[in-house]
Amino acid sequence: MKSARYILAFIAFIALYYFLPMNTRLLWQPDETRYAEISREMLASGDWIVPHMLGLRYFEKPIAGYWFNSIGQWLFGNSNFAVRAGVIFATLITALLVAWFAMRLWRDKRLAVLSAVIYLSLIIVYGIGTYAVLDPFIAFWLMAGMCSFWLAMQAQTWKGKSAGFLLLGLTCGMGVMTKGFLALAVPVLSVLPWVVAQKRWKDLFMYGGLAIVSCVLIILPWGLAIAAREPDFWHYFFWVEHIQRFAQDDAQHKAPFWYYIPIILLGSLPWLGLLPGALRSGWQNRGHHAAAFYLLCWIVMPLLFFSMAKGKLLTYILSCFAPLAILMAGYGIQSAQKNIIALRFNGWINIAFGITGIIATFVVSPWGPIKSPVWAHFESYKVFCSWAIFSLWAFFGWYTLTDSEKRWPYAALCPLGLALLVGFAMPDRVRESKQPQFFVGMTSEMLKPSRYILTDSVGVAAGLAWSLQRDDIMLYQQRGELKYGLDYPDVKDKFIPAASFTSWLNQHRQEGIITLVLSVDRDEDINRLAIPPADAVDHQGRLVLIQYLPK
């Protein structure tokens with residue numbers, strides 16, 4: 001009976017965090033709108049080999065992540081939950097692997113369940129795991145690779161070792177097909193310190209070739225298919241998306257070496273108090289507990305690798321938090337039995353975070369001291385939603401202090417208010433600039449009959465395309481991340497330079513309504529834009545709709 005209650009509580013936990021709130025949050029540009037539209041076009045065209053966005057070739061990532069996202073939209077239709085269904089599934093399956101691996105290592109059901117709960121409630125895991133990007137998929141394949149390598153090295157027969165390495169190759173191959181060759185670098189770097197410490201070179205060299213073979217066999221069918229269809233894909237994907245993005249001086253998203261330190265700290269909420277002890281236990285047990293050191297290697301080595309790369313994004317280190325959750329669960333149980341100082345420290349951190357959020361909400365509210373508040377006066381209810389988010393965080397932090405020895409796991413409920421209310425608390429000024437669905441909802445009657453729609457933002461273009469279910473949105477003035485796709489001669493008409501817009505407008509105006517959607521500064525005078533006089537203008541915050549009727 002008690003176990004049934006725990007199962008029901010866990011199901012409710014997943015439903016409240018990962019299912020119920022998804023349709024209350026609009027899609028973000030550029031990431032969510034991009035992946036939503038690529039997968040929608042894949043379903044609409046039936047082309048499961050070459051990814052396209054806005055009808056243009058899109059070679060920034062391989063295909064597997066789009067497959068899973070497309071299946072989500074195929075199953076659940078045209079909804080925000082459908083767009084996020086793939087990453088939610090990947091996150092939940094990763095949590096299942098976390099629990100299974102913890103059980104395999106320590107044979108402790110409580111530790112296994114707590115590992116999964118901690119993983120799912122980590123703020124960085126929850127944030128990325130409900131956000132339609134490809135990183136939750138690669139995190140799953142890396143976790144599966146972590147499990148596969150361990151199984152292979154612990155197997156006592158040649159059949160078991162062979163199966164483990166073949167499975168490792170499969171996970172690496174799917175990782176490559178999801179996000180690229182980083183899915184090969186991260187596992188190799190992660191296992192090397194453990195192999196050296198355990199002196200397991202013999203097994204690695206004897207069976208490692210099987211992983212290479214299975215990895216190649218997984219990649220080969222699609223790799224050959226896209227090479228036949230688009231011969232320059234692999235050159236662009238390897239050179240631009242890997243070498244330039246991560247290593248060269250002009251890498252995208254350049255950041256200093258220490259960039260990930262604050263992300264690790266904030267991402268560990270609401271379990272930050274367990275972080276130092278969890279890492280320390282993994283290091284202290286390296287000599288007599290191979291599993292703890294193995295987990296530590298899968299945290300530290302990817303973190304060092306991504307820290308040394310010139311290009312950095314917070315999503316890159318998502319895979320580090322799966323092994324960290326297991327170490328945190330083990331350290332939490334140990335602390336409850338021996339010394340609850342770390343558990344109480346964790347409770348106070350959550351109280352402090354909640355109180356800080358409450359104060360910060362007031363400061364940026366319409367009643368606060370700043371001149372440009374985040375929320376306008378008519379958005380007062382959103383301020384109260386924000387206060388509720390941080391009040392719940394502080395409340396559950398306090399609740400864990402009332403009996404830290406038994407109630408410390410309730411820290412998993414600290415982000416509950418965030419999960420349920422963040423969509424309602426979002427300021428209109430953010431929606432107007434970062435969530436194109438808000439703009440489409442306000443201007444749909446003008447957008448739908450348009451023969452041509454042009455915009456100067458790729459993220460907005462993808463949002464318009466997905467919301468309106470059309471892939472013929474054109475780019476105006478700026479090409480952004482679609483520059484490479486627009487260089488193909490068969491799609492030159494998809495981009496209109498600002499200098500050519502007047503002549504293009506005169507040529508196409510008789511074909512139907514032409515709508516221009518532009519990003520502008522909040523205080524910019526749209527009457528001074530260097531475009532022909534319009535028949536209709538609708539200004540929505542940072543976006544302005546400019547419409548030309550046939551003449």
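Positions of Cβ are set from backbone N, Cα and C atoms, glycine also.
Database features, via Swiss-Prot:
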- 7-27: transmembrane segment (TRANSMEM)
- 81-101: transmembrane segment (TRANSMEM)
- 111-133: transmembrane segment (TRANSMEM)
- 137-154: transmembrane segment (TRANSMEM)
- 176-196: transmembrane segment (TRANSMEM)
- 208-228: transmembrane segment (TRANSMEM)
- 255-275: transmembrane segment (TRANSMEM)
- 289-309: transmembrane segment (TRANSMEM)
- 313-333: transmembrane segment (TRANSMEM)
- 347-367: transmembrane segment (TRANSMEM)
- 383-403: transmembrane segment (TRANSMEM)
- 408-428: transmembrane segment (TRANSMEM)
So, do the transmembrane segment (137-154) and the transmembrane segment (289-309) meet, by the test of 3 or more Cβ pairs under 8 Å (sequence gap 6 or more)? yes
Stretch with greatest number of CB pairs under 8 Å, the transmembrane segment (347-367) reference, 7-27, 111-133, 383-403 candidates: 383-403
The transmembrane segment (289-309) touching the transmembrane segment (255-275) per 3+ Cβ pairs under 8 Å rule: yes
Considering pairs 6 or more residues apart, do the transmembrane segment (111-133) and the transmembrane segment (81-101) have at least three CB pairs under 8 Å? yes
